[in-house]
Amino acid sequence: MDYKETLLLPSTSFAMRANLAELEPQRFKKWFEQNYAYEKMKENRKNAKKSFTLHDGPPYANGHIHIGHALNKILKETIIKTHYFKGESVRFTPGWDCHGLPIEQQVEVKLGEKKKSLSKKEIREFCRQHASEFVDIQREEFKNLGIIADWDKPYLTMKFEFEAAIYRTLCEIAKKGLLCERSKPVFWSWAAKSALAEAEVEYQDKEDYSIFVAFDLDVKACEKLGVSKASTVIWTTTPWTLVANQAIALNPNENYVITKEGLIFASALLKSMVEKGLTSGEIQKELNAKEFEKLEAINPLNGRKSVLIMGEHVLMDGGSGLVHTAPGHGEDDYYACLKYGIEVLMPVDDSGCYDETLRAKGLLPSHLLEEFIGLHIFKANEKILELLGEKLLHSSKFIHSYPFCWRTHKPVIYRATKQWFILMDEPKLQGKTLRECAKEQLLKTTFYPQSGVKRIGSMVENRPDWCISRQRDWGTPIAFFRDKNTKEVIFDDELFDFVAAIFEKHGADAWWEFEIKDLIPTNSKYNAENLEKVYDILDVWFDSGSTFNAVLNSGLYDAGEKRASMYLEGSDQHRGWFQSSLLVGTAINESAPYESILTHGFTTDEKGQKMSKSKGNVIAPEYVAKTYGVEILRLWILLSDYLSDLKISDNILKQVGEQYRKIRNTIRFLLANTNDLKDLEVKEFSFIDKWILSRATKVFKASKEAFFAYEFAKGFSLLLNFLSADLSGIYLDISKDRLYCDSENAQRRKSAQVAMALIAKELLNLLASNLSYSVDEALEHANVLIKGDAKDVFDLSLTQDFDYDFGIDDTFLMSAREKFFEQIDILKKDKIIKSTLELNLNISFNKFPNEELADWFMVSQISNENEEILAEFEVENEKFKITKASLCKCPRCWKLQSKDEETPCLRCEEVLKGIQC
């Protein structure tokens, strides 16, 4: 007889091989047809008591998505779904940053020389087309990753109503008195020909000169000091700025010496000056810094006067203690000179070349002007050193960290230009400054990780006023009018509202297309002929920083609460979007636009190196999806400590694939063995079932808590350990005998099936937010007792607690099992046995039912017969004897419980009788 036909073997249509790369797109297509998945999530939670709004930080609509984009969006969507399955109403409106330099540069490359013949309107139209193209491309790429969001109604910062909303936000800040225009040194990208905000600057190593230059004091200064001659020795790393020198700064709290050679240094730095060979160190006089105040020295390049001033910014950690001061080329220089009413000189044009200011202000001798005007400043350094002659006391080169433009990757300069600023230190917010209010709001914000509050807090504490103007074409205009005669900017509610309404209807392009008379009301008190336009555009960080107002507060989008529950981006956004949003939100609402901030690290290769095409270590999301499947990409993120940098490689993805297979195969086994279960009624669970349900209760609860705290790696670690060690490693293995060999309705079998069904149901609930595709697929093959009324994954819920804790203390049994298998390993190694079914176990206690103990140790039976002892061990003073089973192997269940090898054991005989009946 073929006894295999009599066994209740597992059966399921849920495939062992996931075939993710081929099958995922089909399921994703269903999710996105008519926005099915997102709309269903909204509908299912329309009466929810709680809500969760994640406001999407907009990526640039430029280029294809990379693995960092995938990390960011998948993490966002997972958190959204975590709250959804908690029973909360959720909103996730994706967006794109459509303005700015990255897009404009790409368009410039496409247009080439043609750009010079185009109007601003035409250039902006090309930019708009470029952004639109990549919005569509990126949207499809995100959807190919199965990311669920309101893709049919995204926000785009270039939409007409959005540009109007950005402009209205700017006007609100102006009305608060926090906006001003002034000439001030700002980071300037000569390569991009535009001002930059702090967030648009990155630091790289750069080689520069370190020079010490003598500026001779004039006769009056020497007389006042009582010396025949003296020279201040200034230190600088930017020789090209010496032509614009207006002052020399000393620290007012330090003493300065005049050496025997007539050189002036800070007393605290004299020793280092001796070491450099600049002086013998013999002191002629020592004076307090303030005795030098307002004396004048002579610039050796042009003979112009340079005033000695006091500056708290002068440090004693290097240099000479006397700082070359060019107020047009440094923020500290600017503020120090401002106190003395010293003129700001700016002899450098927007492309980084010396201009006619050299001639107009006499900054170089006339015979040198032809050589220097039009010369790029970085090419002028060597020429400047040569011109200094004997006044150049010391010159060397060194490597230091220097600011670079984040887009052109060229070094930037400080350049004084007229720009628009949001003021950090004006007490305009109920007597408080924007800086003070922003810091207060940070203390009310939850950070993941908590260290984030210190990081952004120190940045807010030390940041300068925010330069929000740019001298480019593609952006939202700072659409203000000036009086033609007085050049005063006009802040007027009537004009603000009228321009905003035009932008809403025609877009911000109208600022360039329309004449002034068409941009003001017909009955306006202002005469169009007396007005002129401001043509600067807004920093894109202002665009993105005001998205909360346009998306959450405008009513234009079904995007959730007016204050976002969470902002989630890479850790670099402490100085970027998190901060710009904080400043805009606090400025207009005196409140941060978010309740919490979560940051993630960056993606690197297996060795922790940054990915680049030149290194050949780039792994694109599309490659992962087509090679391994999106589910593997998701699991890679969720198994990683995303707060730190995440390493990715084929090797790592293969390891993640192994973990996925463990999860999938466990689900498959559970489904296959509950396929014929008719109900969940059981008189009493067996001890082993109580044990696994108790273990599952603890693990599921801990994993759920970890997921709810966004600690996905911790949650999965607990879960995978349970699936491998407890569920698959012990329980499923020891349950096979009763599942396969007991009668269909046997109490022991049903107890196991019900336990497995309960575990399967909760496991699918728990994985729904993380591995939605796999859970959705599993539900199609699950017993109705597991899936209930769920038509798909979006009908599942984590609102019910899994509570089957029977208070089982398994310490004794786990210790006994461990020691038992230590002995089994020895017996197998010595080739005494091949299987534990060849054994019986002899015990002297009756704490547990013998039948269940036999299953626990996977032996044929618990026996007190006098049999051959193969091994012994002891646990808590209880003795265990491993004996050689004396009966024959049952041809059906393979346990050694039969009288002869042809006859089934008593249990199997009973089952067979039932089948024959």
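Cβ coordinates are placed from backbone N, Cα and C, and glycine is handled just like the others.
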Q: Could you check which of 4-14, 59-69, 290-300 is flagged in Swiss-Prot as motif ''HIGH' region'?
A: 59-69
Q: May I ask you to indicate which of 85-89, 150-154, 560-564, 610-614 is given in Swiss-Prot as motif ''KMSKS' region'?
A: 610-614
Q) So for C905 (Zn(2+) binding site), how many other CB atoms are inside 10 Å of its CB? A) 24
Q. How does the motif ''KMSKS' region' (610-614) divide up by DSSP, counting helix, then strand, then coil residues?
A. 0 helix, 1 strand, 4 coil
Q) How big is the gap, in Å, between the Cα of E569 (L-isoleucyl-5'-AMP binding site) and that of C908 (Zn(2+) binding site), rounded to a whole number? A) 61
Q. Setting C890, C893, C905, C908 aside, what same-chain residues sit with their Cβ within 8 Å of the center of the Cβ atoms that define the Zn(2+) site, listed in sequence order?
A. C741, P891, R892, W894, K895, Q897, S898, P904, L906, R907, E909
Q. About how far apart, in whole Å, are the alpha carbons (Cα) of C893 (Zn(2+) binding site) and K613 (ATP binding site)?
A. 59
Q. Over the motif ''HIGH' region' (59-69), what is the model's mean pLDDT?
A. 94
(Q) I'd like the number of other C-beta atoms within 10 A of the C-beta of C908 (Zn(2+) binding site), please. (A) 24
(Q) For the motif ''HIGH' region' (59-69), how many residues does DSSP put in helix, in strand and in coil? (A) 3 helix, 1 strand, 7 coil
(Q) With DSSP assignments reduced to helix, strand and coil, which class does C905 (Zn(2+) binding site) get? (A) coil
